[in-house]
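First up is the structure itself, then whatever we jot down about it.
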Amino acid sequence: MQRWKAAALASVLCSSVLSIWMCREGLLLSHRLGPALVPLHRLPRTLDARIARLAQYRALLQGAPDAMELRELTPWAGRPPGPRRRAGPRRRRARARLGARPCGLRELEVRVSELGLGYASDETVLFRYCAGACEAAARVYDLGLRRLRQRRRLRRERVRAQPCCRPTAYEDEVSFLDAHSRYHTVHELSARECACV
């Protein structure tokens, strides 16, 4: 029992000496380096987020040789904040068209049961599909059809006035095990090549 007490006392004493030594070294190091380790000063938060953002832009762009005008970066500077407008359908479509990638092959890792084919399986497969815009493949036919739809001349039939991004070739087969350990093979599940049709 005496040994354990002596070992505990020695351990406490050593750890105290070690922590005092580490603190002293840290203080000496920070004193030697001086203002190099001073933390960066963060701008105080203001009530108006726009003013804070302007101050940040000014600080970033100050002294830059090819800096653009601050007003070009912040078109809302200098005018009072107005009510937010909801984007209309035309605006949403235009924004969607700008960000749309061209027609091409995409892939997604999904569980077989998520495909809705009637198989209960927890296995995952790499599902390749076609997606993207086909505006470059639009023909005169598509332009004419779009105009007739806009003028509501084609009311009853559902017609697409633009080419669609569709698979032109499929993977031969995809195989997986279901929840009952039965082996299944599905043909032409995943796309291999895409084109605007």
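Our numbering is plain: 1 for the first residue shown, then up by one each step along the chain.
Each Cβ is built from the backbone N, Cα and C atoms, and glycine gets one as well.
What you see is a predicted model, and the numbers here were worked out from it, not measured in a lab.
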Member of Cys130, Cys134, Cys164 annotated by Swiss-Prot as disulfide partner of Cys196: Cys134
Member of Cys23, Cys130 annotated by Swiss-Prot as disulfide partner of Cys194: Cys130
Disulphide bridge to Cys103 as given by Swiss-Prot, partner from Cys23, Cys165: Cys165
Local Cβ density at Arg158 (heparan sulfate group binding site) - other Cβ atoms counted within 10 Å: 6
Gln162 (heparan sulfate group binding site), number of other Cβ atoms within 10 Å: 15
Inter-residue C-alpha distance, Gln162 (heparan sulfate group binding site) and Cys196 (disulfide bond) (nearest angstrom): 9
Arg158 (heparan sulfate group binding site) versus Cys134 (disulfide bond) - Cα distance in angstrom: 19
Between Cys165 (disulfide bond) and Cys130 (disulfide bond), the C-alpha gap once rounded to whole angstrom: 6
